[in-house]
């Protein structure tokens, strides 16, 4: 048999077969001597291959005196494989449950971020109030030297529009802060998702 080019999986398979065929107990040095001859496994790799089988409970080991002995019988190997399959099945189920939980959190994070009539109305209202405020500010500039009573009325109207606009702006900030904390998203992502400009601010 060739002593080169064997994958770890093939080495494991061959070393395990050595145990099952002989149904005997071995020390490491005996395996390092027999495995190359009968199974084509390079001697200096036997220790690592053996340890991988022990880690997977496919080979048993025990210390007697000062020596470690290794053995594996077909029936015990079958039980170990069944136990391993059961263990992996349980791990797979846990991963599935975790995946379901993560997907649920993702869905929750996106809930409310989709386009809606309420959001469109809110942004439209803010834009309208900003336009009204701008218009009144221009009017104030033109009539600054005119009738004081008219000036005062227009100024009051402009201040009211300004107050309303800022209130809506603050409402948006409150909603933004809630989403940032609740769903752990970046402010820039929130603004992009809801179409809020970078220079959006109180008036």
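Here the Cβ of each residue, glycine as well, is placed from N, Cα and C on the backbone.
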If you look at how TrEMBL annotates this chain, which of 78-105, 106-133, 134-161 comes out as coiled coil?
78-105
Take the domain 'Mnd1 HTH' (16-74) and count its residues per DSSP category (helix H/G/I, strand E/B, coil), listing them in that order.
33 helix, 11 strand, 15 coil
